[in-house]
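Participant: Take this structure first; my questions come after.
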Ligand SMILES: O=C(O)CCC(=O)C(=O)O
């Protein structure tokens, strides 16, 4: 059974979005809901083996959101430079229970500016908070990590529990949360930030299927810095007794890009960011999530 998104007419919805985003839009009142409204999401099509230069672009959603700002425009501080979201089209990637959207939402210059701020403003955890338990043994993770979120939220994985720092302790993270919320139309209460110093840092194959995560809110993955390859592998293709030969999906995650992993992707597909010998630059990735408060 395939869960290919069906093509739908979108002109009314795109006109509505275009009108909405043409106005000067203050992120503090984010209210748009382009993704949640699946019915109206536009010309979805099946795209495989994504490549940045592929001509197989989806015209699913294209709107002018140039005037999104996160700070007072009149401020002359570098930190208060506008975070501009550019015109973009979602690329839709589907497969067996796989549902992804990918778009480069920030310009190259905004992405560089954001990366500089992330490097300056984000303080990563150290010590035991950077360890995971695998088969009873503790290992340091091959990257740096920190989390931000609503009061009291923490992220439990591989034997560890990562507490979240309050949003207000890191302005760039909070500004990016507002940007992402305005683009996807969902609100997030937690973000995991991963910093890869170069291609030797990586993340192993896993699913984000913890019970604390609201499965119906997409995970929104925002990337800055070096381009890295991200790989999806269907659960039935793993191990010696694989039941299926469904092809892997590989996506190059570019700076300023947003990847949405929508339900039920995380139930069925593992994802990883493998190490790469030919990558020398730093990369920072933010995965915005909705945790269920207990
Ligand atoms: O850095 C990345 O793109 C991977 C992030 C990821 O897989 C996660 O946070 O679960």
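Cβ from N, Cα, C; glycine included.
It should be emphasised that the depicted structure is a prediction, and the values quoted were computed from it without experimental measurement.
Grabbed the feature section from TrEMBL, which reads as follows:
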{"type": "BINDING", "residues": "155, 156, 157, 209", "note": "substrate binding site"}
{"type": "BINDING", "residues": "194, 196, 206, 271, 283, 287, 289", "note": "2-oxoglutarate binding site"}
{"type": "DOMAIN", "residues": "187-292", "note": "domain 'Fe2OG dioxygenase'"}
Participant: Can you break down the domain 'Fe2OG dioxygenase' (187-292) into helix, strand and coil residue counts using DSSP?
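Facilitator: Here the numbers are 7 helix, 49 strand, 50 coil.
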Participant: Starting from the Cβ of residue 157 (substrate binding site), draw a 10 Å sphere and report how many other Cβ atoms land inside it.
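Facilitator: That number is 13.
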Participant: For a Cβ distance below 6 Å to any atom of ligand 1, name the binding-site residues from 155, 194, 196, 287 that qualify, or say none.
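Facilitator: Cβ under 6 Å from ligand 1: 194, 287.
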Participant: State the count of C-beta atoms found within 10 angstroms of the C-beta of residue 287 (2-oxoglutarate binding site), not counting that atom itself.
Facilitator: 20
Participant: Taking DSSP as the reference, which of helix, strand or coil describes residue 157 (substrate binding site)?
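Facilitator: The three-state answer is strand.
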Participant: Just to be sure I understand the packing, how many Cβ atoms besides its own are within 10 Å of the Cβ of residue 194 (2-oxoglutarate binding site)?
Facilitator: 22
Participant: On the 0 to 100 scale, where does the mean pLDDT of the domain 'Fe2OG dioxygenase' (187-292) fall?
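Facilitator: So the average pLDDT across the domain 'Fe2OG dioxygenase' (187-292) works out to 97.
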Participant: Between residue 271 (2-oxoglutarate binding site) and residue 155 (substrate binding site), how many Å separate their Cα atoms?
Facilitator: 18
Participant: Distance check, please: Cα of residue 157 (substrate binding site) against Cα of residue 287 (2-oxoglutarate binding site), rounded to an integer number of angstrom.
Facilitator: 15
Participant: Which residues in the same chain, at least 6 apart in sequence, have a Cβ under 8 Å from the Cβ of residue 283 (2-oxoglutarate binding site)?
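Facilitator: Same-chain residues close to residue 283 (2-oxoglutarate binding site) (Cβ under 8 Å, separated by 6 or more) are 195, 196, 223, 224, 225, 226, 227, 228.
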Participant: Would you mind reading off the Cα separation of residue 289 (2-oxoglutarate binding site) from residue 156 (substrate binding site), to the nearest angstrom?
Facilitator: 13
Participant: How many Å separate the Cα atoms of residue 194 (2-oxoglutarate binding site) and residue 209 (substrate binding site)?
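Facilitator: Here the two Cα atoms lie 18 Å apart.
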Participant: Return the maximum Cα to Cα distance in Å (whole number) over the record's substrate-binding residues: 155, 156, 157, 209.
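Facilitator: Per the listed residues, the maximum Cα distance equals 12 Å.
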